[in-house]
Protein chains: 2
Amino acid sequence: MPVRLTSTQADFAAAFAALLAAKREISEDVDTVVRGIIEAVVARGDAALIDYTARFDRLTLSAETLRIGADEIATAEALCDPRALAALELAAQRIRAFHERQRPSDLRFTDHAGVELGWRWTAIEAVGLYVPGGTAAYPSSVLMNAIPAKVAGCPRLVVAVPSPGGALNPLVLAAAKLAGVDEVYRIGGAQAIAALAYGTATIAPVAKITGPGNAYVAAAKRRVFGHVGIDMIAGPSEVLVIADDSANPDWIAADLLAQAEHDTASQSILITDSPDLADAVERSLARQLETLPRADIAGASWRDFGAVITLASLDEAPALADRLAAEHLEIITRDADAMAARIRNAGAIFLGGHTPEAIGDYVGGSNHVLPTARSARFSSGLGVLDFMKRTSILRCGPEQLAALGPAAIALGEAEGLAAHARSVSIRSNSV
Amino acid sequence: MPVRLTSTQADFAAAFAALLAAKREISEDVDTVVRGIIEAVVARGDAALIDYTARFDRLTLSAETLRIGADEIATAEALCDPRALAALELAAQRIRAFHERQRPSDLRFTDHAGVELGWRWTAIEAVGLYVPGGTAAYPSSVLMNAIPAKVAGCPRLVVAVPSPGGALNPLVLAAAKLAGVDEVYRIGGAQAIAALAYGTATIAPVAKITGPGNAYVAAAKRRVFGHVGIDMIAGPSEVLVIADDSANPDWIAADLLAQAEHDTASQSILITDSPDLADAVERSLARQLETLPRADIAGASWRDFGAVITLASLDEAPALADRLAAEHLEIITRDADAMAARIRNAGAIFLGGHTPEAIGDYVGGSNHVLPTARSARFSSGLGVLDFMKRTSILRCGPEQLAALGPAAIALGEAEGLAAHARSVSIRSNSV
């Protein structure tokens with residue numbers, strides 16, 4: 001049974017803190033293995049990639065077949081259900097339109113002292129996108145990672161996707177094509193991350209790697225971080241629903257289950273001021289679970305990590321929501337905007353009863369790669385800025401150097417950095 | 001002697017690649033020690049902090065004296081050289097003015113399908129700023145970290161600064177006050193990072209930690225990453241100067257030395273199409289080194305990691321600069337803007353002969369916390385966005401759900417996520 005809390009219970013603060021502290025990640029000791037794999041790929045390049053792919057994916061490759069050719073991608077696309085393909089196209093179009101609004105502006109100005117200042121945004125020159133194989137091969141995630149990179153203007157976007165036993169999800173290849181991916185390689189695991197980060201004879205290195213993966217992929221991303229950029233290490237997904245008695249309990253139960261079906265470590269939480277709604281949601285959820293294909297996963301997630309919290313007043317909700325800092329926050333109350341305005345920490349907010357999170361997962365247009373495990377306290381969902389970087393620009397003429405120089409010299413001297421001071425004074429002497 | 005390369009030499013490509021690959025970081029095996037320290041602070045809180053401070057900083061504290069009070073800060077401020085204080089105030093004013101232009105805009109719009117979309121930026125609720133003690137206690141770095149956080153609107157900004165033997169740089173405390181820091185604690189090392197990340201009875205936890213530190217601080221930041229946000233792990237500083245024969249060799253030599261005096265692992269590189277300038281810079285640098293207080297450090301840096309690269313044509317410079325991806329890039333050529341426009345990767349660009357990097361370090365207004373070790377390929381200098389996060393917002397009404405729902409259902413089914421599909425269809429049935 002999920003946790004059931006009431007804000008009026010004597011030990012509510014402690015029980016809520018325990019809910020926050022619950023560890024949902026399975027910690028696997030994979031780091032030593034991953035270090036060995038990365039070292040092998042750095043040392044032996046393609047040969048190591050081919051060896052690991054034979055071992056882990058039961059697939060015999062050569063340097064010539066590492067890359068998936070355009071003809072193979074076209075063949076895969078032809079195999080796709082036209083309805084799914086059309087849906088993917090609608091999704092791509094909406095994701096592109098939304099992310100185009102995230103393109104940042106450059107700035108260049110001259111301040112009152114005559115100093116020229118500003119910054120310039122440029123796209124990252126090459127980006128690698130990891131796409132998991134097997135059951136977690138989500139074509140929607142290909143779009144969510146690749147489209148912002150292309151909107152940012154990244155000239156080279158590379159996908160790595162394992163094909164265990166040679167099997168590939170054709171819709172993943174179709175999504176890569178649709179999103180404008182430049183190269184696709186049939187490699188996975190830590191060996192794929194190493195190849196993207198350090199390059200091989202066949203695969204040129206990239207400057208940043210994004211995309212989800214298993215514990216080996218996550219450990220490899222942590223290890224190559226610094227040599228290349230990475231996105232966040234994604235944890236299990238989560239949803240928080242804040243609802244009042246105007247909400248439909250069947251809809252809420254369906255949303256809680258949609259989150260729970262991702263993974264046994266997913267978390268679904270309902271906060272409401274209506275004990276009747278809480279009861280109705282729990283009953284509906286149990287009923288809906290009976291006919292769910294992934295009932296084992298969703299049931300375990302709900303049992304182990306689900307929570308229903310009833311409050312004396314929804315005025316208590318914002319503070320709790322900020323501490324939970326949920327990846328997905330649905331607000332299904334009479335005045336959802338007013339509630340949203342009072343909450344600081346959330347990856348994405350879905351307003352009103354007709355915005356199930358699944359719309360945002362696929363076709364809303366906003367990104368579904370969002371901060372998990374309370375990291376919405378300090379980080380954002382994936383966006384165009386994650387594929388760009390900002391260079392600051394400064395120019396002084398002789399007058400500006402004369403005006404600002406003495407302060408720079410004073411600070412250089414105060415910090416014991418005489419060469420800093422001299423790099424200014426040597427010019428002042430010539431002004 | 002520094003490396004001297006010429007683009008016409010037969011092995012130039014290999015020699016340049018070797019320069020890129022040179023390891024400048026001293027790798028210390030501190031991770032095991034750091035793990036123990038973090039566990040102790042999590043388990044024993046203030047008591048562990050007090051123990052480690054006694055051991056590492058030779059300082060006896062109590063829970064009451066962990067925090068540096070306003071009166072102590074005021075006393076320190078009164079001890080500061082008025083000239084340094086005035087320079088700090090000018091710097092703060094200019095840094096604030098520059099960073100205020102970085103405040104991002106929220107967006108809310110309704111698309112042609114009637115879907116309401118957008119995002120909202122909010123400040124991180126609590127930020128910790130680590131300030132090293134000893135020789136690397138730079139008041140300018142306090143301003144560069146604290147002011148963007150305050151411009152972002154962070155309601156709580158906490159500084160941790162060790163005071164070995166009880167000694168504190170008064171100018172660091174003055175800078176903290178000037179920048180609007182809310183709390184200052186006299187703690188350092190991995191124990192300070194642990195206290196900021198997990199909190200103690202005296203120190204409430206923060207959501208993000210920024211600021212430079214030694215190997216222990218860096219290892220601790222890596223360990224708490226995920227539980228809290230961190231900025232980049234800073235490596236040794238570096239400058240690349242691109243110059244033609246219009247440049248003053250004495251000025252360039254001074255700039256190369258200003259970089260080199262930071263640390264024996266710092267790197268200073270000159271790229272020029274003028275062999276005469278290259279020779280003159282080397283001569284001037286040797287001469288200036290003789291009278292430099294930190295000649296030992298600067299000399300070792302120049303000898304071990306310095307490089308002078310002469311090119312047949314400056315047209316070759318942008319490609320090399322992009323591979324170096326320098327933290328600081330000075331362009332001292334006849335048309336610096338044209339050269340800058342051809343370079344993608346740099347942390348900050350300083351244009352023309354009258355813009356020594358030291359101006360940007362202190363009083364230019366732009367941030368001096370910049371990506372090191374080639375990470376300008378994929379990351380940016382510190383700014384206001386590092387202290388904020390973006391929440392995406394989505395709202396559908398019944399019509400929008402009816403219009404987009406079928407595509408979401410198709411993709412949910414294609415990905416084997418039936419509960420996702422049902423969370424949409426259960427509403428469609430009621431529309």
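Cβ coordinates come from backbone N, Cα and C, glycine included.
Any TrEMBL annotation is an automated prediction that lacks curation.
Among the candidates B:D315, B:D322, B:D335, B:D361, the residue that TrEMBL names alongside B:Q259, B:H262, B:H420 for the Zn(2+) site is B:D361. With B:S237, B:Q259, B:H262, B:D361, B:E415, B:H420 listed by TrEMBL as binding substrate, the candidate from B:H112, B:H227, B:H328 annotated for that site turns out to be B:H328. Less than 8 angstroms from a Cβ of chain A: among the recorded positions B:Y130, B:Q191, B:S237, B:E327, B:H328, that describes none of them.
Here the Cα atom of B:S237 (substrate binding site) is found 18 Å from that of B:Y130 (NAD(+) binding site). There are 29 other Cβ atoms within 10 Å of the Cβ belonging to B:H420 (substrate binding site).
The 10 Å shell around the Cβ of B:H328 (substrate binding site) contains 25 further Cβ atoms across the protein chains shown. All protein chains shown were included, and the count of other CB atoms within 10 Å of the CB of B:Y130 (NAD(+) binding site) stands at 28. Most buried of the binding-site residues B:Q191, B:N214, B:S237, B:Q259, judged by other Cβ atoms within 10 Å, is B:Q259. B:E327 (active site, proton acceptor) and B:Q259 (substrate binding site) have their C-alpha atoms 11 Å apart, to the nearest angstrom.
Its own atom aside, the Cβ of B:E327 (active site, proton acceptor) has 29 Cβ atoms within 10 angstroms in the protein chains shown. Across the residues the record lists as binding substrate (B:S237, B:Q259, B:H262, B:H328, B:D361, B:E415, B:H420), the two Cα atoms farthest apart are 55 Å from each other.
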